[in-house]
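> Shown below is the structure under consideration.
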Amino acid sequence: MPALRPALLWALLALWLCCATPAHALQCRDGYEPCVNEGMCVTYHNGTGYCKCPEGFLGEYCQHRDPCEKNRCQNGGTCVAQAMLGKATCRCASGFTGEDCQYSTSHPCFVSRPCLNGGTCHMLSRDTYECTCQVGFTGKECQWTDACLSHPCANGSTCTTVANQFSCKCLTGFTGQKCETDVNECDIPGHCQHGGICLNLPGSYQCQCLQGFTGQYCDSLYVPCAPSPCVNGGTCRQTGDFTFECNCLPETVRRGTELWERDREVWNGKEHDEN
């Protein structure tokens with residue numbers, strides 16, 4: 001068999017490279033759509049094809065979601081997608097490293113590790129940080145034991161830490177370093193008007209009014225039916241300077257006496273207290 005000329009060999013090789021279709025190559029054919037996720041099959045001049053993927057998809061058949069669609073790369077890193085695998089890697093900016101570029105080669109969070117006692121360091125900028133402390137610790141670098149952990153503030157007060165000490169913000173009516181002391185409002189005269197008697201209560205006080213006066217400070221004249229004490233639509237009728245009776249609606253007559261008696265007991269008790 002005569003040897004083939006070099007020129008003929010090159011011509012045959014070029015023809016094969018141009019027109020041969022590998023057995024595994026993607027092909028676009030009528031009635032067959034290899035591309036998924038709304039990808040479009042495009043044919044090359046040699047008969048092979050490829051899938052032109054819509055935004056958000058990649059891969060030979062557009063079968064992968066674009067892993068860079070939600071860029072996980074931190075600190076200015078660039079997401080680089082591997083289309084065939086549907087995976088991505090981060091190309092980090094100068095000064096950062098790690099799978100997601102989350103580590104700085106010079107930031108205090110990773111060089112000096114300033115957060116103590118198990119605290120977590122968060123980068124705020126290239127050289128500033130903030131520590132999230134474990135329960136029981138406080139301070140810029142979680143260096144102090146939380147003085148509020150023992151709940152030193154009493155009577156519903158609010159505890160705040162200042163350095164390694166605590167400070168209590170007391171509710172009205174209490175005082176002291178730990179808000180443990182009740183303020184006796186009755187030590188200051190003038191709270192109760194028209195001869196009312198001041199009664200000290202925990203964190204507050206109450207005025208016991210003389211007959212004929214009412215209100216928080218005994219500052220209002222008492223009128224038995226203003227406002228009406230009668231319930232369920234009953235009508236109040238004043239029977240004396242400081243007494244009343246309730247006239248009930250017909251549908252509540254059967255239980256009206258019971259309601260009236262209960263209200264009268266409450267009123268009589270209140271009237272008795274005010275005497």
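These residue numbers are counts, starting from 1, taken along the chain as shown.
Heads up, the Cβ atoms here are built off N, Cα and C, so glycines get one too.
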> Pick from Cys170, Cys207, Cys209: the cysteine that Swiss-Prot pairs with Cys192 in a disulfide bond.
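Here Swiss-Prot pairs Cys192 in a disulfide with Cys207.
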> According to Swiss-Prot, which candidate among Cys131, Cys133, Cys159 shares a disulfide with Cys148?
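So the cysteine paired with Cys148 in Swiss-Prot is Cys159.
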> Going by Swiss-Prot, tell me which one of Cys209, Cys236, Cys246 is disulfide-bonded to Cys225.
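Swiss-Prot annotates a disulfide bond between Cys225 and Cys236.
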> Do you know which of the disulfide-bonded residues Cys28, Cys148, Cys170, Cys236 has the most other C-beta atoms within 10 angstroms of its C-beta?
Cys170
> Within 10 Å of each Cβ, count the other Cβ atoms and name the one among the glycosylation sites Asn46, Asn155 with the highest count.
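Checking each of Asn46, Asn155, the winner is Asn155.
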> Of the disulfide-bonded residues Cys92, Cys179, Cys198, which sits closest to Asn46 (N-linked glycosylation site) by Cα distance?
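That would be Cys92, the closest of Cys92, Cys179, Cys198 to Asn46 (N-linked glycosylation site).
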> Taking DSSP three-state, what's Cys92 (disulfide bond) in: helix, strand or coil?
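Assignment for Cys92 (disulfide bond) reads coil.
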